[in-house]
Amino acid sequence: MANVIPSNEANNTFSSSESSTSSPIASTSAEHKPALRRNRPGTKLEDTYQFPHIPLDQIDSAFALQEYLQSLIRTDKENLDALVELPPGQDKETWQYEHLRQLCLELNYLVVQLEAECTRQTCPEMKADEWQYLCAAHPAPMNCCAIDYIVHTLDGATTLLNSHKYFPSRISIPETSLKHYQSIARRLYRIFAHAWFHHREIFEAFENENMLYVRFLKLSERYELIAKNLLIIPYNNISDNENDDQVIHNNDSSEIFTPPTDDSE
């Protein structure tokens, strides 16, 4: 079988005479062409995505902000401040948008692990501690088992974030679409809460490897995505006031998560 030469690597099969007659413009273009950031066929799992981190202004891509965020996560997922800090010259609404998309992507890996023990039999209702949530992915909010609620929530968030009607561009976010950020964040938080209260071992193993929840919490704190009285997973930085133990957690079950109609608020 003939060897296949990757398109972004030099083709050494040309003779020296052929190389000398190449166009100077073509040679210059090849020299400055950025290396493709891709996993080659046969790459070992531990070697995947091991691309060097490069500054945002050096990423030549229509999805530069997404690639930059993913690069930051791979480089140092423990540096939460750097992960949520707005890159210079970028729009904070667009930065939050990319974070929410990334959260939906990574939460799918948690769902895969939850499916082993979060079933219709073990978790017939979507609960987090004593709080129960109704699924808003239906014409009227209704009770769903936890795993169905989680899948419906992720599907709804992903569909909304990919909607060209509400998010027609990944460069500029319409002012009217910003209201969806808090609704998405609040519902994604419930997935973490259910896992923490009812599948603690899975939550901790996933969090130790990915640090997704603490990143989500840092993002929420920085951009005020979730009200503090809705944060029910114990966290010593939520409040220093002991009386806050008596706050009422609103499950917002009447709020439909599906994209609203044009005449809705």
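Using the three backbone atoms N, Cα and C, a Cβ is placed for every residue, glycine included.
Copied from TrEMBL, the annotated features are:
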type	residues	note
REGION	1-44	region 'Disordered'
COMPBIAS	7-29	compositional bias 'Low complexity'
BINDING	CYS118, CYS123, HIS194, HIS199	Zn(2+) binding site
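Here the binding-site residues are HIS194, HIS199; the one with the fewest Cβ atoms within 10 Å of its Cβ is HIS199. Sequence-distant neighbours of CYS118 (Zn(2+) binding site) (same chain, 6+ apart, CB under 8 A from its CB) are ALA146, ILE147, ILE150, HIS194, HIS198, HIS199.
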